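Pulled from Swiss-Prot, these are the features on record:
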- Gly41, Met42, Ser43, Gly44, Ala45, Gly46, Lys47, Ser48: ATP binding site (BINDING)
Amino acid sequence: MTLKKIIPNLQKTQNNNNNSISSPLLPHTVQEYFPVIIIVGMSGAGKSTALHVFEDLQLVTADGIPPSLVTSMIHTVQSSSLEHVQGLALGINQHRIHTMQELEHTFQEMRSQHIYFTLLYLEADMPTLIKRYAATRRPHPLEQYHIGLEHALEEEAKRLIPIRQTADIVLDTTTYSIHDLRRFLQKSWNPYPEKIRSIKINIISFGFKYGVPNEADLLFDLRFLPNPYFVEELRPLSGMDKKVATYVLNSASGIKFKKHLIRFLSFLLPLYDAEGRYRITIALGCTGGKHRSVAISELLLHELTKKNYTVSIEHRHMELG
């Protein structure tokens with residue numbers, strides 16, 4: 001399910017309410033559809049996880065929003081100077097007595113102002129919701145009315161029936177792990193999948209004599225490459241210098257290694273991305289962390305950026321090497 005498949009259904013649904021849709025809210029940088037996602041549903045069905053995923057996808061997110069503030073918040077985000085905003089995802093405070101009526105009024109107001117929105121409803125079966133509450137040890141919001149958890153969930157489900165019936169998407173998360181839900185939402189709502197990959201890459205160059213980075217997911221030992229330390233004119237330089245980079249990368253082993261490294265990561269990173277991983281830390285080490293690891297890390301930064309990954313780099317021991 002993708003946004004392009006959802007939009008026509010939204011147009012049909014919202015036009016049936018006697019409101020023609022002339023133009024959606026647009027992001028500041030790309031004149032394309034600007035997703036506004038309203039999240040409601042059963043407590044424990046995954047709303048907080050969904051909001052975290054949307055935040056990772058560069059949407060502005062907020063939880064516990066009263067329905068009366070939704071429209072004004074949409075206009076605030078649309079008119080702000082926030083960079084790289086890809087949309088807005090709002091979790092609604094649905095446990096006040098008059099929330100359902102307020103939500104209906106809010107939806108009518110949004111339609112009258114020609115605002116596209118997707119109403120995402122999350123649910124799960126009763127045993128699963130009870131199990132999740134047992135794991136988190138948090139009280140259900142309706143338990144404040146001196147009723148038990150199961151009764152609170154039943155009452156919540158009853159209150160939400162009108163909203164569920166009008167939802168654009170009803171997602172049953174009973175069999176979903178957190179990672180399953182993340183994968184589904186990333187695949188369905190990444191607005192620019194060919195331009196922005198979900199997974200973030202963190203590259204660290206380091207020196208083995210100072211210790212291996214604890215946060216490394218992938219670690220490469222580069223001490224097999226020719227060492228510029230033993231070349232007098234290169235010793236005071238770092239892998240950031242062109243002479244050192246040329247010495248390392250254009251060596252016989254360097255040429256072969258960089259080819260195999262890029263090919264390996266081109267195979268592996270999409271698999272991590274498809275699994276719903278948020279970040280991968282790649283650590284590349286040499287003896288002192290000044291020459292070889294820095295040169296290869298800078299090459300990797302360049303190559304992965306070309307493949308549209310979001311990449312950060314840290315030369316942890318370059319000044320010590």
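From the backbone N, Cα and C atoms, a Cβ is placed for every residue, glycine too.
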Specify all same-chain residues, apart from the site residues Gly41, Met42, Ser43, Gly44, Ala45, Gly46, Lys47, Ser48, whose Cβ lies within 8 angstroms of the center of the Cβ atoms of the ATP site, ordered by sequence.
Leu122, Glu123, Ala124, Leu129, Thr173
Going by DSSP, give the three-state secondary structure for Gly46 (ATP binding site).
coil
Those binding-site residues listed as Gly41, Gly44, Gly46, and which of them has the most Cβ atoms within 10 Å of its own Cβ:
Gly41
Local backbone state of Gly41 (ATP binding site), from DSSP in three classes:
strand
Cβ neighbours within 10 Å, counted over all protein chains: which one of the binding-site residues Ser43, Ser48 has the most?
Ser43
What number of additional C-beta atoms lies within 10 angstroms of the C-beta atom of Met42 (ATP binding site)?
25
